[in-house]
């Protein structure tokens, strides 16, 4: 409800010149097209909690965090994501163990530590909190995680299984998008889809999945001269670049489905607190047929899908 109230206030302030009747119609539209990821995540959490009770062995997620301040993890998005995982896991009856490692660790030592953690029998799944320091070879580290313990689906072997359609689970962000599209009966075949960003967490796996589902996909990165030429004609826009409010209303056609997977931090409206922001300007919601806000949209659902993957791995 907090998500709906926030966006309702946003639009009422922007459109205060409208008659009360028009405002009421706008509020009704906003409520119908905003996707409440928190609500979906709670539903999945309840399902997982029931499943966990029927699994004889204890399930544990190991999270490896390479943090600049070592024992005292830094503030910001990374810390929020770690706490989000701990809360979700605890509520679902899943143990979450965070391994804190110093930022000056070498690639070889980190690879060895990851392998060690992967081989701990009690660890059902292992994930690396990204991003890693720029000096670290990220893919080399991710490849230390075996597919049997890779709920994030980021190792080369897991990516290969997913790309070829042989994986029983989906990368968490893709799983979140799939869940939303199924819930709202969004068809993909022959649809024009623009994916902003080509990163390992959102852009690459989303594009692979969309193509396999029959969509016509255009991938946009920092080298694209004029992204608006593509986004303005898209039936569906999926963004994961991490640039605050990059996508404006004039870049989106009326009735498009807009899925915002990007996160960045900026000053909040109240005080000096740093707040999570998405790639899409909130005012885009006024043109979209479906819209995922940040925070509260794809993020919570992605965490839920991570744990759903973990439980699936535990069953094998």
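Quick reminder: no glycine exception, Cβ is built from N, Cα and C everywhere.
As recorded in TrEMBL:
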{"type": "BINDING", "residues": "197, 198, 199, 263", "note": "NADP(+) binding site"}
{"type": "DOMAIN", "residues": "35-152", "note": "domain 'Tetrahydrofolate dehydrogenase/cyclohydrolase catalytic'"}
{"type": "DOMAIN", "residues": "176-315", "note": "domain 'Tetrahydrofolate dehydrogenase/cyclohydrolase NAD(P)-binding'"}
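Where TrEMBL records a feature, it is marked here on the structure.
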{"residue": "197", "record": "NADP(+) binding site", "Cβ contacts under 8 Å, 6 or more apart": "203, 220, 221, 239, 240, 241, 242, 262"}
{"residue": "198", "record": "NADP(+) binding site", "Cβ contacts under 8 Å, 6 or more apart": "204, 207, 219, 221"}
{"residue": "199", "record": "NADP(+) binding site", "Cβ contacts under 8 Å, 6 or more apart": "240, 241"}
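Residues listed for NADP(+), 197, 198, 199, 263, cover a largest CA to CA span of 15 Å. DSSP labels the residues of the domain 'Tetrahydrofolate dehydrogenase/cyclohydrolase catalytic' (35-152) in these numbers: 52 helix, 20 strand, 46 coil. Here the domain 'Tetrahydrofolate dehydrogenase/cyclohydrolase catalytic' (35-152) returns a mean pLDDT of 92 for the predicted model.
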